[in-house]
Amino acid sequence: MKKRQERRDASPKRPAGNSKPNFRNTGKPFKPRLKKAPVDDGTIRLNKYIANAGICSRREADEFIKTGLAQVNGKVVTEMGYKVQPGDVVKFDGKTISAEKNVYILLNKPKGFITTTKDEKDRKTVMDLIANATTARVFPVGRLDRATTGLLLFTNDGYLTKKLTHPSHTVRKIYHVKLNKKLTHADLDEIKKGIRLIPEGIAEVDNVSFIEGKPHTEVGIEIHIGWNRVVRRIFEKMGYEVEALDRVSFGGLTKKNLKRGDWRKLDEKEVSFLKML
């Protein structure tokens, strides 16, 4: 019994941290199979290709594909999951389309810049501020006038642009307004009820209130309608002059950690949220 114990004690000890080798029936140590990284062969699903072209969402693209509106290299494709190869010519409803990768850029616009892609008078435009953001051809979603500051979204996603700017859509925007004089409680209540503007009609606001800790010359207003200069016109109709107007929120996006004149790209969660609005 003692000899057995001595023999057991004399066996070499395995270094700490080393696990026991796993042997199969072959007697050879087990080597785990490493998963191969997916190979990017440049293909893209047809529904994604159509969505990236700014035509519609992927789900809507599936329905259009079923009805035979998509062609690849001259042939109608109705197969779900069909992959477009590099160099393929894709047509949708008879027109050739291109699936450029979608880009989404958020700018904190300063004063003095015009919301346009090109100005005939050679004035500064918002495109100058994002010149180094992307090589893709992007466009502003909606507009801010020259004197207005704050959040402005840019993208080449035509589907999302149409969705966010369509009159029937309700994208909420919040503005910080500075007036030339104190806003009275009576006028505040009138704005809450809705102010008639010509020619559009009643300008309904979602919320308007004094900003806590600020004088009554500063107001926060939440609104979803996209009429031209609507916030300025509301206060002008009530006899006030807007000295400063800053868009602090757009569709849930905020200016957090984004300095005036700076831009950043949206992450996937932010893009998904905008598409669900």
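From the backbone N, Cα and C atoms, a Cβ is placed for every residue, glycine too.
Whatever TrEMBL says is automated annotation, not expert-curated.
According to TrEMBL, the feature compositional bias 'Basic and acidic residues' maps to 1-12.
Per TrEMBL, the feature domain 'RNA-binding S4' maps to 44-105.
Residues or ranges marked as region 'Disordered' in TrEMBL: 1-37.
The average pLDDT computed over the domain 'RNA-binding S4' (44-105) stands at 90. Residue counts for the domain 'RNA-binding S4' (44-105) under DSSP (helix as H, G, I; strand as E, B; rest coil) come to 16 helix, 16 strand, 30 coil.
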